[in-house]
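Below is one structure, written out as structure tokens; the observations come after it.
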Amino acid sequence: MTMITDSLAVVLQRRDWENPGVTQLNRLAAHPPFASWRNSEEARTDRPSQQLRSLNGEWRFAWFPAPEAVPESWLECDLPDADTVVVPSNWQMHGYDAPIYTNVTYPITVNPPFVPAENPTGCYSLTFNIDESWLQEGQTRIIFDGVNSAFHLWCNGRWVGYGQDSRLPSEFDLSAFLRAGENRLAVMVLRWSDGSYLEDQDMWRMSGIFRDVSLLHKPTTQISDFQVTTRFNDDFSRAVLEAEVQMYGELRDELRVTVSLWQGETQVASGTAPFGGEIIDERGGYADRVTLRLNVENPELWSAEIPNLYRAVVELHTADGTLIEAEACDVGFREVRIENGLLLLNGKPLLIRGVNRHEHHPLHGQVMDEQTMVQDILLMKQNNFNAVRCSHYPNHPLWYTLCDRYGLYVVDEANIETHGMVPMNRLTDDPRWLPAMSERVTRMVQRDRNHPSVIIWSLGNESGHGANHDALYRWIKSVDPSRPVQYEGGGADTTATDIICPMYARVDEDQPFPAVPKWSIKKWLSLPGEMRPLILCEYAHAMGNSLGGFAKYWQAFRQYPRLQGGFVWDWVDQSLIKYDENGNPWSAYGGDFGDTPNDRQFCMNGLVFADRTPHPALTEAKHQQQFFQFRLSGRTIEVTSEYLFRHSDNEFLHWMVALDGKPLASGEVPLDVGPQGKQLIELPELPQPESAGQLWLTVRVVQPNATAWSEAGHISAWQQWRLAENLSVTLPSASHAIPQLTTSGTDFCIELGNKRWQFNRQSGFLSQMWIGDEKQLLTPLRDQFTRAPLDNDIGVSEATRIDPNAWVERWKAAGHYQAEAALLQCTADTLADAVLITTAHAWQHQGKTLFISRKTYRIDGHGEMVINVDVAVASDTPHPARVGLTCQLAQVAERVNWLGLGPQENYPDRLTAACFDRWDLPLSDMYTPYVFPSENGLRCGTRELNYGPHQWRGDFQFNISRYSQQQLMETSHRHLLHAEEGTWLNIDGFHMGIGGDDSWSPSVSAEFQLSAGHYHYQLVWCQK
């Protein structure tokens, strides 16, 4: 044990937090989570241990701008102005200091290992009583599961130790410091340390004791470590559970270890042995270790599909059977290996349906509770995710237990990122930083290696490629050859990774960056000598309204076996709740706390909002990742299961044929399909309607019974096909009414019954409509070529740093947002049964014509206005965001009804999950509340839209809400939006894709750009 004087002054003088060679003082060795049961039955059933006591709750807290400002007296007693805070928590969430959101740029001046003199410091203290029996025998430990960034610990005024690495436990022996009666802990937490240079992850930078604190009482002679490994014969019919157990304390001949394996109430296998390890070298073996091997016949294998778990109980006892203590863990029998270029689980090639997940809570910052963790897992499973990458640090220890039990594959990632360094490997190639990096990797492995859900180790994130990575890769491969190692830094295919694991590589497009090119994922597989599997560690940047082009990745994954999936970036928006002057909550992002530097809304890349409400893009991910694929041939549906281990036992296929959303026939068939098997389902003779309309066949896989992660009736997969329709002609009914045209000085007016239309002859726009005496428009019907920019449109552009290649900057520079209409033509003609208005406009900016729009409006005796639009696009202007029409309707109706793709928001490059049907939703549901406002709520493939008294027909896309595109563009946060008068309607003949391969370069695929020189579309607008 390191002995240091107890005084605060001496500790401050040492400045351990600015010494990369000091990562801890007196911290105990890493190990799996312990509970030290004194009853083996309690260990088997995972009951709360009487030897494990939580110290979570109210602590006293005082904040100082620097450690030097902390008074020495604090070591002995609480300060008079100390506050009360809850542990675990981030102190920034309690009003102390400010959270900082930055992606790449370090929040402190880069001068490793030194940190600013102004180093916010939190002083925590807790007074508690100890069980007196704990003082008489054994060892009492204190466990801090997570403290950011570094801390010194005192107990009863005496210095205990020091720890850093905010994402792994720091555990200390308190036995020599405790006394009968009251005891006082004092924890001095520093916001910045040399460890901060290894923690430059894309997240909020927060501080404090943010994970659990607990006391653990172990016997003097104790289990100090244990590791379980499963091994198999070739066909997995026989397995061996290998348990290596290590003890600490007095090594006595009478000591024995028993390892028993349980499946529920049934003991499957058991073995007992004394200590004395196998021969290691010419000097012998470890005297304090023993390895037991238990044979298991026909083990029930673990996978994310069927997470079968056993329970291993490790007992330390004397020869006569007296139990000293027991530890235990869940065991999953599974094997991970790479063979012939494929990542295999239990001999089957995995397809990773993965997502990156930060530990984030909108109210509690980086504090995770069990309810939130379970909620995340349930949502992931319900949306067909089978894997999660712990980006970019080891998670709360409970997370892995939950992933074991519910079934998720885990990439466990070391808490190492040096993204802001120049070059990025400045520290990771420096031997002075090897000890710090080594502790972050080795301690992660030692804590988490017993979890079956952990199938891959990761050396960290975005830290370049250095010699330290190579050393740590070799260490992991030596101590745990049962798992592959991945690491993206240095080009994603270095010698420090078993898996090609690029981030944001495109499907077909190379990105030839200097030194570290990103090849297309298809090309990467074919590079000379390359035989590793490729799994994207990050792809499909889900920032705001995004995930366009997601289907293209999944087409490639299913086409090329060695393309084994990837991890979407990312799971949850990292917005934080703030409150306005009236106490109303709102969602904040970078810069909203006065934090500098900051990267604005780049912290919000989630498939779900911070409160776990899904983004529309989540449905697209669910559909593309679904485990059942379908093919229609005639009346036969071929259902293919992509499950590797699971036989369908809780699924029905529900099918329905509908004409324009009206059901004509339906049925239900139980699915009986084995792993990777097929089932043919013959449908009855399908109806052939005589009336016009779109005929669609929809199939849905429904789970009738609830599961551990879904409710009864859960829909896990679906598909639609448009069927051939009989030709039919609907003749228009005769009308004896003829609309009347009148001309005034400024307007053409058309009247039919109680309806009137007014076209302004000077502007050439439809300026007003009346039904009776009620005006229908608040603004004229005008062309629209722009959208409130998406995050993907903005890219890396900021007010002080413009990226001219970003879509929004191209549109601004070309004048798309400032274009004004010059009238070229506005005429009116009376036909035999209708009135025809003809207009033409040149949309210009600074004398340059960008678009020419020609329209005809034909108003007939039925009151229907047929609008034909022809748009010519200048050859030298950027591709427009949309080609459509917009106006502000006077009505605010409660609901919107449409026949088209839905129900969720969808865009041309993100619509495979949408279904054609007749949908009816509240107006409020047509708006997607992205925290950073942007274009939203589009519905594609629309044939009919009904809102208030109005109906539109044609083949178009639309969005409808209380917010104009201008307000969306000019507003920084959703809570600042105000409902405008009436309702804004945008009807597009054509709309550009949204992109999403990444959010910092123009990522809309060419096929979804509006690159043509001419566009034509037609609408029918009438009143019901």
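Placement of Cβ uses the backbone N, Cα and C atoms for every residue, glycine included.
Per Swiss-Prot, substrate is bound by N103, E462, E538, Y539, A540, H541, N605, W1000; the candidate from D6, D200, D202, D212 named for the same site is D202. Cα proximity to H392 (site 'Transition state stabilizer') (within 10 Å) is found for none of the binding-site residues N103, H419, Y539, N598. Listed in sequence order, the recorded positions from N103, D202, H358, Y539, H541, W1000 having a Cα within 10 Å of the Cα of E417 (Mg(2+) 1 binding site) are D202. Within 8 Å of the centroid of the Cβ atoms of E417, H419, E462, where the record puts Mg(2+) 1, the same chain has further Cβ atoms from V104, D200, Q201, D202, H392, T418, G420, M424, G460, N461, S463, G489. Classification of H541 (substrate binding site) by DSSP places it within a strand.
Residues N103, D202, E462, E538, Y539, A540, H541, N605, W1000, recorded as contacting substrate, have a largest CA-CA distance of 18 Å. Among the recorded positions H358, H392, H419, H541, the residue whose Cβ has the fewest other Cβ atoms within 10 Å is H419.
With respect to Cβ neighbours within 10 Å, the binding-site residues N103, N598, N605 differ, and N103 shows the lowest count.
Neighbour count (other Cβ atoms within 10 Å of the Cβ, all protein chains): 22 for F602 (Na(+) binding site). Using a 10 Å radius centred on the Cβ of W1000 (substrate binding site) and all shown protein chains, the other Cβ atoms total 18. Cβ neighbours of Y539 (substrate binding site) (same chain, under 8 Å, six or more residues apart in sequence): M503, Y504, A505, Y553, G566, F567, V568, W569, D997.
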